[in-house]
């Protein structure tokens, strides 16, 4: 592909894997370059009665990033009981982050996750058209994720269902492992063993240097 350059990329979105949804269910498409705070502002404005932003966002609004358009867009709209986060490729991890933050903000949300594939078409054009090379179209399948968050109970028999729970339990378990001598304690003990072994080649009281031995021989 050294004689080609990528001209454009066309993504063919996959169909929503969640049937029988309400018509007003918002679908948030997360891209690799999306701002998480803008996505959260829109999602919370559609599901929370009085969405409260961070202090930094309230002090410094940035019109170029859509800080003023998000809340105004949701004024007059009824609150939704469900919302969807979807992404493909490099945006998958960002979609998961948004869903986890919304679950921490709004307690009692049911989650249903589906993994699919999204087709991406890449069009490559030759660098020198006079060389007689044709344009190429490359089709790739990228992993995609669909996350449904619902205030109403979902079918817990479906694969990918997560019931509402306490989200601080994971942090409490990690703190207990560190205090109880987990991985951190083992590393510290290993360092103490290496530092206090006393079996190295250090200069001890029973070892003399070459000059001291030669001076001792001359005196005898």
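Cβ atoms are placed via backbone N, Cα and C, with glycine included.
Given the structure is predicted, the values throughout are model-derived calculations rather than measurements.
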Annotated stretch (region 'Disordered', per TrEMBL) among the listed ranges 19-46, 47-74: 47-74
Annotated region 'Disordered' segment (source TrEMBL; candidates 139-179, 180-220): 180-220
